[in-house]
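Single-structure report; data block below.
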Amino acid sequence: MSQGEAAGRGAAKPQDRGWAWMVLLAAVVLQGLTLGFPCCIGVFFTDLQHEFQASNSQTSWFPSIMVAVLHGGGPLCSILVKRFGCRFVVMLGGLLSSLGMVSSSFCNSISQLYLTAGLITGLGSCFSFQAGVTVLGYYFVRWRTLANAVASTGVSLGFTLWPLLSQYLLDEMGWRNTFLIFGGILLNCCVCGAIMRPIQLASGSLPQSAKPEEEPGSRAEEARLSNGAPPHHPTLQQHTGRTKCFQMLQKYLAFDIFCQNKGYQIYTIGVTWMMMGFALPHVYLVPYAIHNGVEERKAALLISVIGLINIFIRPFTGLLSGHRVFTGRRIYLFSLAVLLCGLSNFICVISAEFSVLILYCVILSIAMSGVGALTFQVLMDVVEMDRFSSALGLFTILESITLLIGPPLTGLLVDITSDFHYVFYNSSFFLISAALFMGLSFCALEKKNKLREASKAHLDNPSRYQYNETSTEPKAESQSPPAIEYITSI
C-alpha cells in the first residue's frame, strides 16, 4: 500500500528527476531551432537587398517582423497552451515554422517575405519556444534556475551553427534552396514537442482551476433564462461582453499583475525599452563587417563566435545566479549584464577591423549570456508560477513592439546618413538607459518595501520591538526571514 502511494506521489510530482531531464534536452534543441534561427538572417541581408532591390530599412523589416512575432505571439500561445497543452502547441509551432520557410523559397518580393518568413515562421517559432519555456516551469522546481540556464544554451548552439550552415548553403545553392532546407530542419520542433509529454499534477489540475472564472457568467445566464428573462437583452449582452473581455485580459495578458505588482511593472518596462537596441547588433553586424571590407565567410563567423562563447558561459551564469547569495538579487545581475552589452557596442565604433570585431563579439557574448540566462528566471522570481504563462504573454507582446520598430528605424537612419556607426550608438543608448532604470528602480523599491514592512510590524506589535532592545532571544527570530525568503524563491 505504501509503495502504491509512493508511486502515486511519484507520478503526481515528477519534477527535477527522471523524464524532466529529457524534457530539458528537448528544450535545449528547441531554443536552438527557434531563438537561434533569426541570428542567421544577417547572412542573407546583402543577397536579399540585391535580389529585391531593397533599402536597409526595407530589408530589416523581414527579421524584425520575425523576431517581433516570435515574442509578441505570447497571448495567443498562452490561450493555446491552456486549451491544448504544451506538447500540442510546440508541435503546431514546428509545422508553422516549416511552412513559412518553405513558402519563403518561392517569394518574388520582399513584402511576400514579410508574410511567409516574417509572420508565419515567427508565429511558429513563438508557439514552440514559449510553450517549451512554460513546460520547464512545471517540470523543474528545485533546479529551475539551472534548467533555464541550461535550456538557454540551445540559443548559443543556434547562434554558433545557424550562421555557419547558412553561409555554406548560401554559397553552394543560393538563398531560395537554403530556405527550403531550413523548412525541413525546423520540422524537428515537432520531435521536441513529442518528448514534452503532459505532466501529471496532483488533484486540482490547471484546466479545472480555470472553471471558476467561467462559471459566474454562465450560471448567471442560466438563472436569468430560468426566471423568464429575455435571452438577448442588449444591456446585459454588453455587460457580459465587457466582463468576458476583462477576464480574457486578466487571464492571458496579466494586466492585473502589471497594475498591482511593481516589480513586474518595472521589469517589463525596462526590458521593453531594452529591446529597442538589443537586437540591432544581431541584424546589422554582418552587413556592417561586409560594408567595411570583411569577407562574407569571416563576417558570418562573427555571429558564430558569439554563440560558441555563450555555450560555456550561460551554464556558469545559471549556477552563479542560483546561489543563495543572489536570492532576490538576480535583477541586479541582469541589469549589470545589460549595461555591459551597451558599453561593448562602443568597440565597433572604434574600428571595423576583423580582429577588433572578434574582441567585440567576445565581450558581447559574455554579457549576452547573462541576459539570456536570467531573462525568464527573473520573471519567475517576480511573479508566481501559476500566473507565469499570463505574465509571459504581456511581457513578450510589449517587448515585441520595440523589437519590431527598432531595426527598421535604425536602418532608415543608416540609409539617410550612410553611416553604420549609428547602429551601435542607438543600441548603446537603449541598453545603458534600460540597465540604469531597472537597477535603480528595483533598489528604490526594495528600500521602500523594507521601510513599509518595518513600520507595519512596529505598529502591529510595538511591545515586541521594545523587548528586542534588551533581550537576546528574539534576535534568533530576526534571522529567520532570509531563510524563509530563500525557500520561497526556489
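Each position is counted from 1, following the chain as shown.
A Cβ is built for glycine as well, from the same backbone N, Cα and C atoms used for every other residue.
The feature domain 'Major facilitator superfamily (MFS) profile' is assigned by TrEMBL to 20-451.
Remote same-chain residues near the transmembrane segment (21-45) are listed as 59-60, 62-63, 66-67, 70, 90, 93, 97, 125-126, 128-129, 132-133, 135-136, 139-140, 147, 150-159, 161-163, 165-167, 170, 175, 178, 182, 185-186, 188-189, 191-193, 195-196, 282-287, 296, 300, 303, 307 (criterion: CB distance under 8 Å, separation of at least six residues from the stretch ends). As annotated by TrEMBL, transmembrane segment applies to 21-45 (among others).
Proximity of distant same-chain residues to the transmembrane segment (61-81), defined by a Cβ-Cβ separation under 8 Å and at least 6 residues beyond the stretch ends, is recorded for 34-35, 38, 41-42, 48, 88-89, 92, 110, 113-114, 117-119, 121-123, 125-127, 129-131, 134, 252-253, 275, 279, 283, 389-390, 392-397, 399-401, 403-408. Look at TrEMBL and you will find 61-81 (among others) tagged as transmembrane segment.
Among the features that TrEMBL reports, transmembrane segment is placed at 88-106 (among others).
Positions annotated as transmembrane segment by TrEMBL: 112-139 (among others). Listed by sequence, the residues of this chain that lie at least six past the ends of the transmembrane segment (112-139) yet keep a Cβ under 8 A from its Cβ atoms are 14-16, 19-20, 23-24, 26-27, 30-31, 33-35, 37-38, 48, 61-74, 76-78, 80-81, 86, 89-90, 92-101, 103-104, 147-148, 151, 179, 186, 189, 192-193, 196, 199, 201, 376, 380, 385, 388-389, 392, 396.
Residues or ranges marked as transmembrane segment in TrEMBL: 146-165 (among others).
Annotation source TrEMBL lists transmembrane segment at 177-196 (among others). Long-range contacts of the transmembrane segment (177-196) within the same chain: residues 22-23, 25-27, 29-30, 33-34, 37, 44, 86-91, 93-95, 97-102, 104-105, 117, 121, 124, 128, 131-132, 135, 166, 169-170, each at least 6 residues beyond the stretch ends and with a Cβ under 8 Å from a Cβ of the stretch.
Marked as region 'Disordered' by TrEMBL: 206-239 (among others).
Residues or ranges marked as compositional bias 'Basic and acidic residues' by TrEMBL: 211-224.
Residues 38-39, 41-43, 45-46, 56, 60, 63-64, 67, 71, 163, 258, 299-300, 302-303, 331, 335, 338, 341-342, 345, 348, 357, 364, 371, 375, 378-379, 382, 394-395, 398-399, 401-403, 405-407, 410-411, 414, 420, 423-424, 426-431, 433-435, 437-438, 441-442, 445 of the same chain lie 6 or more positions beyond the ends of the transmembrane segment (266-287) yet place their CB under 8 Å from a CB of it. Residues or ranges marked as transmembrane segment in TrEMBL: 266-287 (among others).
Counting only same-chain residues 6+ beyond the ends of the transmembrane segment (299-319), those with a CB under 8 A from a CB of the stretch are 36, 39-40, 42-43, 145-146, 148-150, 152-153, 155-164, 166-167, 282, 285-286, 289-290, 333, 357-358, 361-362, 364-366, 368-370, 372-374, 377. According to TrEMBL, the transmembrane segment annotation covers 299-319 (among others).
Annotation source TrEMBL lists transmembrane segment at 331-351 (among others). Here the transmembrane segment (331-351) has long-range neighbours at 263, 267, 270, 274, 277-278, 281, 285, 288, 317, 320-321, 357, 359-360, 363-364, 366-371, 374-375, 378, 381-382, 421, 424-425, 427-432, 434-436, 438-439, 442-443, meaning same-chain residues at least 6 beyond its ends whose C-beta is under 8 angstroms from one of its own.
Residues annotated as transmembrane segment in TrEMBL: 357-379 (among others). Sequence-distant contacts of the transmembrane segment (357-379) (same chain, six or more residues past either end, CB-CB distance under 8 Å): 133, 144-145, 148-149, 152, 155-156, 264, 267, 271, 278, 281, 285, 289, 294, 302-303, 305-310, 313-314, 316-318, 321, 330-331, 333-334, 336-338, 340-341, 344-345, 347-348, 388, 391-392, 395.
The annotation transmembrane segment is assigned in TrEMBL to 391-410 (among others). If you look at the transmembrane segment (391-410), the same-chain residues 6 or more away from its ends with a CB under 8 A from one of its CBs are 57, 60-61, 63-65, 67-75, 77-78, 126, 130, 133-134, 252-255, 257-258, 264, 267-268, 271-280, 283-284, 376, 379, 382-383, 422-423, 426, 430.
Summarising the annotation, TrEMBL assigns transmembrane segment to 422-445 (among others).
According to TrEMBL, the region 'Disordered' annotation covers 462-483 (among others).
Residues belonging to the domain 'Major facilitator superfamily (MFS) profile' (20-451) score a mean pLDDT of 82 in the model.
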